[in-house]
């Protein structure tokens, strides 16, 4: 067996080495085509379609109906390649697209994501990885049902049921974020509408996972990791070399950051910049007056908007103006309560733009000491939620089942940290490089001479980039630029003036990041529903073939529903990902840790703990996140000023407390559970 595993590893090294060489050759060939004046749009098509075709071929080659292959890739994935697959599973659209963007927009505060996501793997390696692999199984609900099952065949059904619900919910929220990332990439680089881009992405996701399950997903994820890391590192190095003559800008990040800080301070002192911020200060005052006059102001603003729209139609105004006003009318609040919520948010945005821009180096910038304390609290709690969420995500933990041994599992986590760090040490550098490009080549530019990339990105729907001459001086000011952080990485090659082939490469990398995570998430949901619900709760006599077929049908249904939800545009990518982490942490972290390290934890305690943790986190998000408050009309107060993305800060303690209290109030577990815990922790 060791010799066979060694031959298998050498064969994989050869295959993926050739794939990497082929990737560089393909990029070089596309560069030559661009130099020969090939259409840039067609280059974008080729990059996206060729890479998806490669993933589809791997998925087709790895198709299987074997149960072990479909659920856990026969538990024979070597540590090196499982580390790459974990990294690809982990480095979602949020990491690839969103991380550099949030560092660009928020500066120091964005480091919470780097610290939380990286630190979480320490918890995985020391608290969970060896014990879950030693148990085996197919899903996380499998482990929980057995640990809290008191030796019953099939384990404890209530524990399994609530674990399936929690796994499906947090994975589904995360899945929506990935499909949204795919839609953004496709919309920009192929030029289709966002809804069409979503279903294009759906096809890409399904070709990787539908036929081969975990086996197909594992080997496509290895290829996708290579694609995304090559795309990211090449882009960072080329931007740095073109403008700063450095091939490894990560080593001089501190110097670049000092230059940025000096430029930011200079901008804040310029009169034109101050005039723009004064405009937004006045807008905030007007919105406050409008809020104070509710509900009368609601009817007045609605009627005024209707009158303007009717006037445009009567005068046969340009269709663009009519469409813009129709969109504004469609987004107008439906009642005074919703108006108050929306105008409060707009007032907060205007106030934020009226203040000094966020420094790249200043921790917790704020106008008052109380606001600074609130920001510090949110920073710390977000790091906490991301760390424990990392250690609780079902699609990551399931990968621990795919290695040949406990030792290989530990090694694969170590490799995963290394592969993830390659991107994470480069993301802050890319954010700084792109911001430097903004300061050098956009801020201070006449509006009549805007670069072509600005024109292109202003056309993207939903809007991700906007710029308006607020003070009427005809010159772009820093405060006049409004952008979604998600566009920074995708636009980076164009902003830096690199060849379009690099834009195609970064788009292919972003697509790989979204597809790799989406595949893992989709498989987690489908396997939980087919294995834990269908097999364990509906039909215990189902054949292996029927179970795999059921998993494929469920996978297709979940993918279609997730695409529909994504088309509703529920929020930015980074918030959805953060919410998924809080939900996973609140529901799974307490019962996993207690289940391994405290023998006294009972099934009743586990059910109550998961329900309490998940319930608290879901409630806090629903009553505080604008997308849900607009839908439900329910508005809540933020506890201690904590953002809804960090709802796990309340859910995790609630889960621990309830699980411990209920366990102490209920009878002890059967001796078989004590023996199971001893076995897991032995050696």
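Including glycine, each Cβ sits where the backbone N, Cα and C put it.
Of the candidate ranges 314-334, 335-355, 356-376, 377-397, Swiss-Prot annotates residues 377-397 with the feature transmembrane segment. Residues 84-104 are the range that Swiss-Prot records as transmembrane segment, among 63-83, 84-104. In Swiss-Prot, the transmembrane segment annotation falls on 162-182 of the listed ranges 141-161, 162-182. Counting residues 6+ beyond its ends, the transmembrane segment (162-182) has Cβ neighbours under 8 Å at 92-94, 96-97, 139-141, 144-145, 197-198, 200-202, 204-205, 393-395, 486, 510-511, 513-515, 517-518, 521-522, 524-525, 528-529, 532-533, 558, 562-563, 565-566, 569-570, 573, 576-577, 579-581, 583-584, 587-588, 607, 610-611, 614, 618 in the same chain.
With a cut-off of 8 Å between Cβ atoms, the residues of this chain six or more beyond the transmembrane segment (573-593) that come close are 92-94, 97-98, 101-102, 113, 127-128, 140, 143-144, 148, 162-163, 166-167, 169-171, 173-174, 176-177, 180-181, 184, 382, 385-386, 388-394, 485-486, 601, 606, 609-610, 613-614, 616-618, 621, 625, 644-652, 654-656, 659.
For the transmembrane segment (12-32), the list of distant contacts is 43, 46-47, 50, 78, 81, 222-223, 226-227, 230, 234, 499, 501, 504-505: same-chain residues at least six beyond its ends, Cβ to Cβ under 8 Å.
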